[in-house]
Structure formats: structure tokens, C-alpha cells
Amino acid sequence: MGCGCCVTKLLLGGAVLSAILYAWCHFSPEPKVDIVENGWYGSGEWRADDEAIHPYKINVPQKVLDDLKSRLLHSRVSHETLEDSDNFRYGFNTHYLKEVQEYWRSKYDWRKHEAALNAFTQFTTEIEGIQVHFIRSKAASGYKKVLPLLLVHGWPGNVQEFVKLIPILNDPKKHGLDYDFAFEVVAPSIPGYGFSGNPKKTGFSQVECARVFKKLMTRLGFEKFYLQGGDWGAIVTTNLAKMYKENVLALHVNMNGAGSFHGIGLVKAILGSFAPKLFFASPNQANFSIFSLFGMIMAESGYMHIQGTKPDTVGVALNDSPIGLAAYILEKFSSWTNLEFRDLPDGGITKKFTLDEVLTVVTIYWAQGNIVHSQRFYKEYFADIRNQELGKVFCSVPTGHSNFGNEPFDKMPEEVMKHYYNMQFRREHPDGGHFAALELPKTLGGDVFEFIHQQTAPKAKKNPEL
């Protein structure tokens, strides 16, 4: 009897709290976000950009590759995995790390993957003092329509994530997707990542990046365009869609880019956590709980706290040790692809990727020496309050969402997400994780095509007599 009373009081208390939260959220106005139209992140004082667009080819100096092999040969991996923990629960398993070390040193061929990347047409152009690198891959011939698509990567990725997705977007029929349109893809390297230059001043956040990428698209002649992104790419493209909605035709994400739960969506997420099957129709959210989600984030987000506060300190170590860099990045390719892979001796990395694919991501960071620059993007995110303010602004641009079942950071149910986005399309996938563009490129590409097809197909006219 006493236990029943406690439960009743708990439920009543939760209902009262939710009602208060609902009222507060419902009547709180959206923040007005101060968006400036220009910035300067190059060296020295502001000057006019050189707006010329220059062809670009990747050509890592041989001395960099020789130095990499030498460092791998002499890397000190002296600690041993715990005898009763031969898995990834404490981080990267030392036994498997030694296998990765030897493969990277003696079998991995950077020049092969450099040539594959160079098969894409690439350019650089200066925007706000930064040399912005981008792939511009045109659609195959024979399509009725060619649509411009800005494709944005995240961390710890780079444009290597898109090597299998871009050809599908350029030529869907060749890859078994029956659509009469294709995309001309613009896939930039976020400044501080990949082959772009590095910001020389503080403040280059996801808001600034959205503005720079909008300038890139208009400089290329695209006044209106489509967007797709995951991880930081989802946040940058969501910001762009909110800041410049007149330029954006539609947005597709494979991770929530609105930031954290907030507003009425937060109330619904809390209530739904007690009875998810009652509140949420999605099979992927059948066991949704905002409380267990926070627990997962606490277990998996130590990197975020480091990078969001003192990125330069850990960056020194990662920029000096290739095997340390590999452990740091590839551990994310393990756990973020499927949290259950943490229980495997090899982290399950080669269940979804080849070692070559993921080591190419790592080698780009190593060769360009930009791991610390990429980590600063986290500090800038938390430092720029506009990111949080934009997260509270409703995204009115038509939005599509691919929800992959093993994506640890995309557990927002559709019924919650619609409070943040003008949701026009959502597709659930039982498999697939954080790096969907590299893991399941045809699945992700198919969703993008179906969403945009629905947006561009002629709407049936209603019979006025009905």
C-alpha cells in the first residue's frame, strides 16, 4: 500500500512538473539570433578575399610518409591490456592496436587512396581569409534534372567519408536507384579539417562555418541548393538552413542537428521515457529513455569535454604520435558504429569498414597535421552562444531524416524531432551507425533521393468539385 502511494505521488509530481515545463516552453519566444554577414579568420588584419577558384590535387610529400613509417616502427605501445578485459571497454585494445600499427606501417598504401581521392575534381578558394578545399563532382549525363547539393562531414571524419556516397549521388541509375534526377555535389572540408586551411583566430564556430559554406555555394553560382549532413555536418547544415532559409530548398540529416532536447520536445521526451511505446511509434525508439541516453553520453563523451575545454593540450600528443592518433580516432569508428562492438577484442572495426578505409581518414589527419584544429571546433561550439540559440529556432525548411538504429547520438524520436524541424520525411533503419555515408552509402543515398523526389515531384491538383 505504501509503495503504491509512493508511485502515485511520483507520477503526480512528474505530471505537475511536466505541466509547468510545458507552459514555460510553450510561451517562451524563440530567441533572436545575431547573425553577422562577414568575418575574418586569416592571418593579420582583414583584407579582401582572393575569390579565384583554383584546381587542387592532393600530393602528400614523400618525406611525410617516410616519417610516418619511421614513427610507427618506433612507436611505444608498452602498456598491456588488462588480463580480464580483452575488449574496447577501457578504450582501444592494445593487442589489436599492435596489429593496426603493423598493417599501417607495412601494408597500407597511401598513394592508392590518394589517387582515389584525386579521381574527384577538387578546388580551393579563399573565404574570410581561409583556403577552403572542396570536391565538386558533377552529375552523370542523361538526367532530366541536376540539383546542387552541399554535403558536409563531421568529426573525426573528413571528405574520405564520402568516397562511396558521392558516385551514387552523381549517378543513381548506375547504382540501382531509379530516379530521373541526379546531384551535382559540393563536398567541402570544414576549415581545420582535411585539406582546408586552418582558422588563425578564435571564434570559428558552426555558425561561422555555415556562413562560409553559404558563401561558397553562391560563389559557385548556386543561389538555391539542397543540404545533407551528419555529425557536425548536421549542425552546420541545420544552422545554414535557419540562417539563410531563402537559399535552401531542403535539408536532409542523418543526425539531429538541432542540438540538445529543449522546449516542448524535452517535455515529450521526459514523459515518453516512462512509456516509450505509448508516445513513440518508431521501432528504433521502442525502448527510448532520455535518462539512459544521458548515461550513454556520460560514458562516451569524455573526448567532447576535453576538446570543448582544452583541445590544444591533447592535440599535442595526437599530433606527435601516429599510433596514438589512430587509437583516438579508430576507437570512435568502433563504438559509434555499434556500441556492442566495445565488447569485441578488435572493436568490430572491420565488420563494417576495411582497415584501409578508416586508416585513410586517420592518414589525412596525420599528413595535414590538423587534428588539434579539428578539435578546436568543439571549443568554439560551446563558446558561441548562438549555436545554442539557433538550436531553439524552429527549422522551417523542409527536412528529411534518416535514423540509423546503431547511431548512439541520434536517439531523438520523430514525435520529438518535429518540434524542431519541418519534418517531411523520416526513414528508420535497424542497422547502421554514426558513419552512415561510409558504412551504408546506398541506404543513405537512397533516402536522400526519395526525400528530394517527394519534394520536387509535381503535386496532384485537388478537384475543386470534391
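Every residue, even glycine, has its Cβ placed from backbone N, Cα and C.
Unlike curated records, TrEMBL annotations are generated automatically.
Copied over from TrEMBL:
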type: SIGNAL; residues: 1-25; note: signal peptide
type: DOMAIN; residues: 53-162; note: domain 'Epoxide hydrolase N-terminal'
type: ACT_SITE; residues: Asp231; note: active site, nucleophile
type: ACT_SITE; residues: Tyr378; note: active site, proton donor
type: ACT_SITE; residues: His434; note: active site, proton acceptor
Including all protein chains shown, what's the count of other C-beta atoms within 10 A of the C-beta of Tyr378 (active site, proton donor)?
20
Report the DSSP secondary-structure composition of the domain 'Epoxide hydrolase N-terminal' (53-162) as helix, strand and coil residue counts.
38 helix, 26 strand, 46 coil
Under 8 Å by Cβ from His434 (active site, proton acceptor), counting only residues of that chain that are 6 or more apart:
Gly230, Asp231, Met255, Lys332, Trp336, Thr337, Phe404, Glu407, Pro408, Phe409, Asp410
So how many other Cβ atoms are close to the residue listed as 'active site, nucleophile', meaning within 10 Å of its Cβ?
26
Looking at the domain 'Epoxide hydrolase N-terminal' (53-162) alone, can you tell me the average pLDDT?
96
